[in-house]
Amino acid sequence: MTFIYIWIKKLHVETWGGWSWECLQNWGPLTSLAVPSFLTVFFEWWIYEIGTLLAGLVSVTELGAQAVLYQVVVFLYMIPYGMGTAVGVRVGNELGAGNAQEAKSSSTVALLSTGILIAFDVTVVGASRMVIARLFTSDEGIIALTARTLLIYSVFHIFESFGCVTNGILKGMGKQKIGAVAYAIGYYAIGLPVALALMFPAKLGVLGLWSGMTVSAFIPAFFLTMYILRANWKNIEVEAQERAGLKQKTPSVQVPSYTDSISWEESSQNGFDFPAYDQNGQLLDQLPLANQSAPMDPTKKDIVPKRMLILRRGLIFMAAVVILIVGILVRVLSL
């Protein structure tokens with residue numbers, strides 16, 4: 001539907017120049033951002049699927065309660081997810097435009113807004129937990145267990161929401177790798193083992209599962225929030241503009257001391273333009289450098305020949321097709 005709308009309204013005319021070989025070039029920077037982004041999503045959503053599998057090992061009642069909770073999770077998750085997506089776009093745009101302070105303000109507003117919205121969510125869920133459970137089942141055992149677990153989920157939802165929004169801010173900052181590492185450690189190195197211990201040795205079932213998941217959600221939420229609050233936004237702004245090709249990386253140059261004897265040639269070597277001083281420490285006039293160049297266009301570097309480009313992208317396409325076929329076969333054979 002979105003494609004048809006864009007096509008009818010001709011929205012692509014002024015924003016897309018058509019297909020070209022250049023669209024297959026320079027996938028490296030995009031991949032370095034995309035891979036950590038989808039790993040973060042996988043790390044977060046796999047834990048719910050794993051939780052459902054584990055609940056099925058306990059009893060039918062536990063599995064029923066987990067199924068109800070999963071539906072509540074999917075519904076309420078959309079609120080912080082939308083906030084995280086919006087603030088990620090806003091932060092990225094402001095950093096690219098050189099407005100570090102605006103990007104910081106946007107992230108602060110998003111965090112405060114999330115706190116207000118989640119306070120409302122938690123209040124509603126806690127007050128209506130029995131009603132929510134009865135919307136899905138008439139089994140009194142499942143209703144009672146779901147209502148008890150929803151209290152734990154309310155705490156989990158607070159940390160989950162802040163983790164989702166801070167992860168969106170990190171995407172705007174171009175720091176997806178930090179989010180991926182935080183989620184991997186929080187959910188799988190710490191949270192999942194705690195959940196397993198509470199589910200089976202402690203025999204808490206779904207209550208133990210969500211208690212462990214609350215711990216797992218707290219770790220990335222706390223770490224990412226602290227990272228954002230302590231971030232040097234000016235440096236992140238420079239990194240964003242360098243990544244977009246709006247600013248050239250500044251080479252590190254050691255500035256000479258006043259007592260060093262610096263010649264005209266030494267002051268201009270390697271194309272760097274820095275102040276030159278004589279033996280008495282007097283500043284010499286800077287000469288214009290003949291080999292200075294304009295900022296490099298990021299689309300013109302690391303150009304891959306067409307034949308190699310076809311081979312590389314073709315292999316990626318074939319790998320995607322193979323993965324799709326394997327997924328379909330697994331689905332069909334497991335029926």
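Glycine residues also receive a Cβ, built from the backbone N, Cα and C atoms like all the rest.
A TrEMBL annotation is a machine prediction, not a hand-curated record.
TrEMBL lists 30-48, 68-89, 109-136, 142-159, 180-201, 207-229, 315-334 with the feature transmembrane segment.
When Cβ-Cβ distances below 8 Å are used as the criterion, the transmembrane segment (109-136) is approached by residues 67-68, 71-72, 76, 79-80, 83-84, 86-87, 90, 142-144, 146-147, 150-151, 153-155, 157-158, 161-162, 165-166, 168-169, 225, 228 of the same chain, each at least six residues removed from its ends. Count of Cβ pairs under 8 Å against the transmembrane segment (30-48): among 180-201, 207-229, 315-334, the largest is for 180-201. With a threshold of 8 Å between CB atoms, the same-chain residues lying at least 6 positions outside the transmembrane segment (180-201) that come near it are 36-37, 39-40, 43-44, 47, 50-51, 54, 58, 163, 167, 207-213, 215-220, 223-224. Remote same-chain partners of the transmembrane segment (68-89), defined as residues 6 or more beyond its termini with a Cβ less than 8 Å from a stretch Cβ, comprise 48, 52, 106-107, 109-110, 113-114, 117-118, 121, 125, 132-133, 136-137, 142, 146, 149-150, 153, 157, 160-162, 164-172, 206, 210.
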